[in-house]
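Trainee: Please find one structure pasted underneath; my questions will follow.
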């Protein structure tokens, strides 16, 4: 079997963590060809991932900003040679792959967490409250993998890189601008430590406390949906079923009650620490270490003593 | 400009979901059902476009059981002008590809210039219908919208993407899918709920459209997710730091 895996490219550079984990999952299905919509350097980076057979590089301005119409048409043009079309579950792939599937008249399998066999997969539904085992009858399987449940692939690969091209710009949409949150902190979905704040933090100003602790621990900053809805934190920081799914070595949940939708986004973390003043908060049922305390006392003390 | 909004009836987002012991699915008996929250945001956005004079008519469409009438009435109580219900015998969860095919058939008749959909339904979490519909229609798509402006025959959409925001311009007709921060949906007032009962609701059957909506997926089992054991409560920040040091985490 042959797999075409769409690499995640951000601002011209390969998003190594997400792409590597999707390749780990893809190698369970067959020989992996990686499609890089970006410059040669990004394709070269993908070629170094172990388990990659071949890299196709589509270096064309039409594919540079993740525009779904253009990239989907490119993938459909390549699809004949493959039994599976995969990608990491990033916002780019979630935008593009369902379009690819519909053009191929097949269903899509989003957020797959386990590969059972070539046509049977596990995926969470109802915000992670249930896990479905799904068998597909489609000839081509279009899949996005939830990266937090797969390991990084080793490096040391030496796949050949070939240029590829498609029809280019479909003329349906155009890129206007990016507003990228610039930060010296690690990327949320690949960070070893994540410190998240919830509604209990109380205000956008006080969210600085969460950031301070994250910086002390060298971690990324996350937020619960309640904190995002209340305007304390940006939506791209949201951890949960409707936001990002993370699985760091250490997850620190501060002022987060632990709604199911949040737990779905972080329960695979190796060690979970929860600080909350309500001892009945459901977050304590999944925490390895719970501290019942006022966060405005405990967090400054933690920052000082670490 | 006519705006079409597909809406789905799903388990209410406040309900704790229970998986049936025999693995056959999620227990939906006697459970509160509501409009998918992302669809509510889509309906609100369409109504705001009408209120600001950009849209002239808001049509809501639902596909599923007869009970989806409630969901359509809720959308009309918020301010949608009329509704179309497509009934199927496929139970509550119809695959996004099938939904997209039926919606395409409706759109071929209705010819809206803009479709606003929720980015995902909170039951199957597929996040696919809008994108699939755009593909079948050959239209442009702007998913995960947090801001929408209609100008000069295009939708200018700010999208929630990993790492920040991206703004794109999509030629109309187009599909936009709504993310959380696009707006805060209104509550329907009692007079508007009463008025909605008199708004037109057209009922059709999926069979009328002659499209193949056979399911592509077979659900083998539905299980509870793996549970995590609760750990220990620590008494102080010092004890917490000691535990983290023991584990080599700090």
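Even glycines carry a Cβ here, placed using N, Cα and C.
According to TrEMBL, the FAD binding site annotation covers A:199, A:224-225, A:238-242, A:255-262, A:276. Positions annotated as domain 'Electron transfer flavoprotein alpha/beta-subunit N-terminal' by TrEMBL: A:3-179.
I'd like these features described in context: how deep, what's nearby, how far apart.
Mentor: Applying an 8 A CB threshold to same-chain residues 6+ apart, the list for residue A:199 (FAD binding site) reads A:224, A:226, A:227, A:230, A:232, A:255, A:256, A:257.
Mean predicted confidence for the domain 'Electron transfer flavoprotein alpha/beta-subunit N-terminal' (A:3-179): the pLDDT average there is 96.
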Trainee: In sequence order, which residues at least six apart in the same chain have a CB under 8 Å from the CB of residue A:262 (FAD binding site)?
Mentor: A:198, A:224, A:225, A:239, A:240, A:256, A:283
Trainee: Let me spell it out: for each of the binding-site residues (A:256, A:259), count the other Cβ atoms within 10 Å of that residue's Cβ, using every protein chain shown. Which one has the most?
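Mentor: Counting every other Cβ within 10 Å of each candidate, the maximum falls on A:256.
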Trainee: Taking the Cβ of residue A:241 (FAD binding site) as the centre, count every other Cβ atom within 10 Å, in any protein chain shown.
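Mentor: Other Cβ atoms within 10 Å of residue A:241 (FAD binding site): 25.
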Trainee: I'd like to know which binding-site residues lie near chain B: of A:199, A:241, A:256, A:259, A:262, which have a CB under 8 A from one of its CB atoms?
Mentor: A:241
Trainee: Who sits close to residue A:238 (FAD binding site): which same-chain residues at least 6 apart have their Cβ under 8 Å from its Cβ?
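Mentor: Within the chain, residue A:238 (FAD binding site) has Cβ neighbours under 8 Å at A:222, A:223, A:224, A:225, A:228, A:244, A:265.
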